[in-house]
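Each remark here refers to the structure printed beneath this line.
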Amino acid sequence: MRALGMTKGPMMRVLMVAPPGAGKGTQGAVIATHFGIPHIATGDLLRDHVARRTPLGQAVQAHLDQGELVPDEIVLDMVREALADAAATGGGYVLDGVPRTMAQARATYQIGLELGMTADVALHLKADDRELERRLLARAALEGRSDDTEETIRRRLRVYHELTHPIVAWYGDRGIFVTVDAMRPADQVGREILAALEVMRSFVHRSPDQPRRAVDLSGLGAAFGELPAPTP
Ligand code: ADP
């Protein structure tokens, strides 16, 4: 079998939908390195503004500290700018941290349409709340992120369940949805993600001139052992 080199083959456009603590940052970096695409993490971009005390940083700091979502227009401007940059560097990307609401999902799709670079895959990392809380509290001790306190972690998980998780069904309907069990060690999760994305890559770029058809990957998990099927 021919090995797929990092820059060979068609590029990938991935967005991640995952609760806090599931490993978006870690796996986003793995995906970016493997496919040679930029890793666009809205949380990192926002924290960078806060650290540099820019006007935008000052406007969003309280939202971040309290574990609440920052206003859509701020995040969507960032996404538009980052995707425009990505267009100039080959067109691939892995988006980490957006979309977080149904409105953001629609807006991100719209931006993708305008730039001719809608996502090929929506990747869902699945983990239960107890494990997520455990990881975030462990990280708090190491990194001291202002939103990794017990109360704020609970709020972020609540925001995820109420606002973010429902968009998973929408991606299921668009036929670009893949779910991976993120309860296991990070290197194992990373390998499964890359295997799943390589399968997706061969699907989505088979007929680039045809309108995208929905692809039902709900049975894909079987290829990787005990992966659960995507929740409808
Ligand atoms: P986590 O997923 O662990 O909460 P992130 O770094 O993705 O970490 O996000 C940290 C914070 O940044 C969020 O709690 C929120 O305040 C803000 N944020 C990031 N992305 C978005 C977004 N798409 N919409 C609104 N707020 C966002």
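Cβ from N, Cα, C; glycine included.
Cross-referencing 41-70, 131-160 with TrEMBL places the feature region 'NMP' at 41-70.
TrEMBL lists THR42, ARG47, GLU68, LEU69, VAL70, ARG145, ARG156 as AMP-binding residues, and of the candidates GLN104, GLN188 the one it assigns to that same site is GLN104.
For ligand 1, the neighbouring binding-site residues among THR42, LEU69, VAL70, ARG145, ARG156 are THR42, LEU69, VAL70, ARG156, by Cβ distance under 6 Å. Geometry remark: ARG47 (AMP binding site) versus GLY25 (ATP binding site), CA distance 13 Å.
Taking the C-alpha positions, the distance from GLY21 (ATP binding site) to LEU69 (AMP binding site) comes to 16 Å. Ranking the binding-site residues ALA22, VAL70 by the number of CB atoms within 10 A of their own CB puts ALA22 at the top.
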